Every structure is written in structure tokens, then in C-alpha cells.
Amino acid sequence: MMIKKNASSEDFFILLGFSNWPQLEVVLFVVILIFYLMTLTGNLFIIILSYVDSHLHTPMYFFLSNLSFLDLCHTTSSIPQLLVNLRGPEKTISYAGCMVQLYFVLALGIAECVLLVVMSYDRYVAVCRPLHYTVLMHPRFCHLLAAASWVIGFTISALHSSFTFWVPLCGHRLVDHFFCEVPALLRLSCVDTHANELTLMVMSSIFVLIPLILILTAYGAIARAVLSMQSTTGLQKVFRTCGAHLMVVSLFFIPVMCMYLQPPSENSPDQGKFIALFYTVVTPSLNPLIYTLRNKHVKGAAKRLLGWEWGK
């Protein structure tokens, strides 16, 4: 049977997920649920703090709250479906559901790539052009940059996901993944998918390599500025904020590069599942910890919110 772009609403896919390791499904369910709850709690905590505490009404925390919201949405677009599949025999997803999931996973992933570039630019201006920071990072401009990240992500995803579902999928409907994503869907095709694979490589290069190059360029300039600093306190502050952002960048870009910067035909399905599991489950849960563990401003805001700060 052939599934085309005009498939009926009764069509469905079977998400194989981790069914090759049935003995691990219970363990995976518990571990993934814990990480998912950590993601929800940590990122909601940052969003609430950034909104209610006036001390955090700065460009850095505005972008951080946007990143937290992106992480929440990105994780929620795939993990609840995975948890349901791990705990029950029903592992299907409707054709429409698969389209929607693919669209949001791509959109939110691309938006996060762009937003991480914006955050690195914010740090560059703060360190390299501190006297012009309030002018260059005006609240209106910050809102425009954040909105641009979302618009770019959702626009490019609409084009790319449409191109993916135009490919005729035939035979079985077994998606060897735990969510609908491009390489896994292309493996179901009964036609030559080299054009789609090339498109995926080009899109990945544009929205993975170019943002990464821009981020590294910004931090190269920051490193030169830091080396010329005389103040030890200033050095420590820069290393704390920039080091946290670089760690988040590494946790996001390294697995994404391993996942998308090679043709789907050369990518091991099992390897791809665990790489995807890392950047959809582990990374979003660690980001709040990375940004807050040694951050005095966030700790102070948390104390004020919880009423733990005494007058001085």
C-alpha cells in the first residue's frame, strides 16, 4: 500500500521506539518521566522568576525565559507520546498527528538554534561593548529578535515538513523511531530520496553549522576582550555567564550535528534514537541547572520569591 500526501485521516504510523529492547522499556519510562518532570519544573521556575522579579527584567533573562519556553514546548512535542508508547501496547500515531509532531519538532529545534545565536550576541554586546549595551539591546529590539527566532523556525519548518510528506511512503508504516522525524520517515519511501536527503543536509548546514559558527565567532571576540581585562571579579562574572551559555550550546549542537549532518541512509536507526533522546530529554532538563547553580541573580530572585530574604 502507498501512503501519499492526500492520505485519509484513518491512516496511521506505528512508532517502534525502543520495542527492540522490551526489557528496558520500564526502566526507560521511569528515567524519561523523571527527566521530563525536571524539565517542566526547572524551565517553569525560570520563566516565572524572569517574569515576576524586576531584577531579572534584563535582555539576558528575557532570552533565557524564551529558551526555557522553547525547551518546554520542544520536549512536550514528543516525550508524552513516548511515555504512552512505553507503558502500553498501543504504539500508533495518526497521519495527521505525525505531520503535526514533525512540524513542531522541526520548528522548535530551528527556533532554538536561532535563539542561541541571539543569546551569544547579547553576551558579546555585554562584554565587548558594555557602554552601548542599553542602546544596542533595547527592549523593543530584544522582543524583535526573539520573535524573529520563532518566525524563522515555524516558517522553515512548514516548508521542510511539507517537502518531507510529499514523498510517497509505501509498504509498511513502521517508523523506527520514538517520534516522527525526517530521517526515519524517509526510510519508508519507495522512491529515490536523494533530493530530500540533500535538502536535509543543506537545511541542517544552514540552521546548525552557520549558527554554530556565529556563536563561536562571538565567543572568540569575547575571549579576546576577557584576556585584556584587569579585574578578577569581572573575569569571574564573564566566565560564569558565558561558560554556562557555551555549555548549553554544546549540549544542544553536538547531538544535533551527529543526528542531522549525515545522510539518513548512513545513520544507524538505533544510534539516532538515543541521540534524539539525549537532546529532547536530557538537554532541556539540564539547561535550568546550568544557568542557575552558580547564578547569584537567580538565587536572589528565588529567595525573594519564596520570602527567604531578610532585610539588610
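Including glycine, each Cβ sits where the backbone N, Cα and C put it.
Features reported for this protein in Swiss-Prot:
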type	residues	note
DISULFID	CYS98-CYS190	disulfide bond
CARBOHYD	ASN6	N-linked glycosylation site
TOPO_DOM	1-26	topological domain 'Extracellular'
TOPO_DOM	51-58	topological domain 'Cytoplasmic'
TOPO_DOM	81-101	topological domain 'Extracellular'
TOPO_DOM	122-140	topological domain 'Cytoplasmic'
TOPO_DOM	160-196	topological domain 'Extracellular'
TOPO_DOM	221-237	topological domain 'Cytoplasmic'
TOPO_DOM	261-273	topological domain 'Extracellular'
TOPO_DOM	294-312	topological domain 'Cytoplasmic'
TRANSMEM	27-50	transmembrane segment
TRANSMEM	59-80	transmembrane segment
TRANSMEM	102-121	transmembrane segment
TRANSMEM	141-159	transmembrane segment
TRANSMEM	197-220	transmembrane segment
TRANSMEM	238-260	transmembrane segment
TRANSMEM	274-293	transmembrane segment
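Take the disulfide-bonded residues CYS98, CYS190: by the count of other Cβ atoms within 10 Å of each Cβ, the lowest one is CYS190. A Cβ distance under 8 Å defines the sequence-distant neighbours of the topological domain 'Extracellular' (81-101), meaning residues of its chain 6+ beyond its ends; these are 3, 7-9, 11-19, 25-26, 28-29, 32-33, 36, 161, 165, 175, 178-180, 185. At the 8 Å Cβ threshold, with sequence separation of at least 6, the transmembrane segment (59-80) comes into contact with the transmembrane segment (274-293) through 3 or more pairs. Just going by CB pairs under 8 A, the stretch in 102-121, 141-159, 274-293 that sits most against the transmembrane segment (197-220) is 102-121. Sequence-distant contacts of the topological domain 'Cytoplasmic' (51-58) (same chain, six or more residues past either end, CB-CB distance under 8 Å): 65, 297-298, 300-301, 304-305. The residues of the topological domain 'Extracellular' (160-196), classed with DSSP into helix (H, G, I), strand (E, B) and coil, number 14 helix, 5 strand, 18 coil.
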